[in-house]
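Engineer: Below are the structure tokens for one structure; questions will follow.
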Amino acid sequence: MLKIIFPSIMLLPLTWLSNNKNVWTNVTSNSFMISMLSTIFLWQNDMNTPNLSLLFSTDPLSSPLIILTTWLLPLMLLASQNRMKKETEQNKKTYISMLVLLQILLVMTFSANELIMFYILFEATLIPTLIIITRWGNQTERLNAGLYFLFYTLIGSIPLLIALIYIQNLTGTLNFLLFPITFTPLNQTWSNNILWLACVMA
């Protein structure tokens, strides 16, 4: 997993250290290379992941999401170059940095083995997304749209946080790798159905 996360992190200094003329070319070409590198996860068809760690790893469910995330960054950079021509160089680099930060957080979110880390990283993606919406959104109502986005997402995820705390107290762990060891079947009660609903609703 580090073979995707570390090159993505290195896009941040590349953005700010590149000269103004070549910043789009440098970041886009490097993000395309990261996208090509991520295609190695296409051939993962079982849970025997080669990059197993207690914090981050991939499985057949998360691999396509990570690949999609890494391919979205160069496509977003290509799509937004023309619109960002009138912006200052500082704003261009800030915009690229927000997109890169969003990719880093999403890759870490989709590869997280710990459920509480998944929750924290997913909520952290709200910050660059909110900045992109409110600063570079197209409509005049972008500030209201950003605020609605923030509060609806936070309010919608509060039941998940409560459910995760309850599961932590019940099982003693939120790690996917330790669930098979500590798993105890839950009874079909109304409270457990509400627990399932809280996890799925977010």
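Cβ coordinates come from backbone N, Cα and C, glycine included.
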Engineer: According to TrEMBL, which stretch among 63-82, 183-202 corresponds to the feature transmembrane segment?
Structural biologist: 63-82
Engineer: Given a Cβ distance threshold of under 8 angstroms, which distant residues of the chain, six or more beyond its ends, lie next to the transmembrane segment (116-133)?
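Structural biologist: Distal contacts: 55, 95, 98-99, 101-102, 105-106, 108-109, 142, 145-146, 149-150, 153-154, 157, 160-161, 164, 168, 174.
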Engineer: May I ask for the residues of the chain that lie six or more residues beyond the transmembrane segment (63-82) and have a Cβ under 8 Å from a Cβ within it?
Structural biologist: 4, 8, 24, 27-28, 31-32, 34-35, 37-39, 41-42, 44, 95-96, 99-100, 103, 106-107, 110-111
Engineer: If you average pLDDT over the domain 'NADH:ubiquinone oxidoreductase chain 4 N-terminal' (1-109), what do you get?
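Structural biologist: Over the domain 'NADH:ubiquinone oxidoreductase chain 4 N-terminal' (1-109), the predicted model scores a mean pLDDT of 88.
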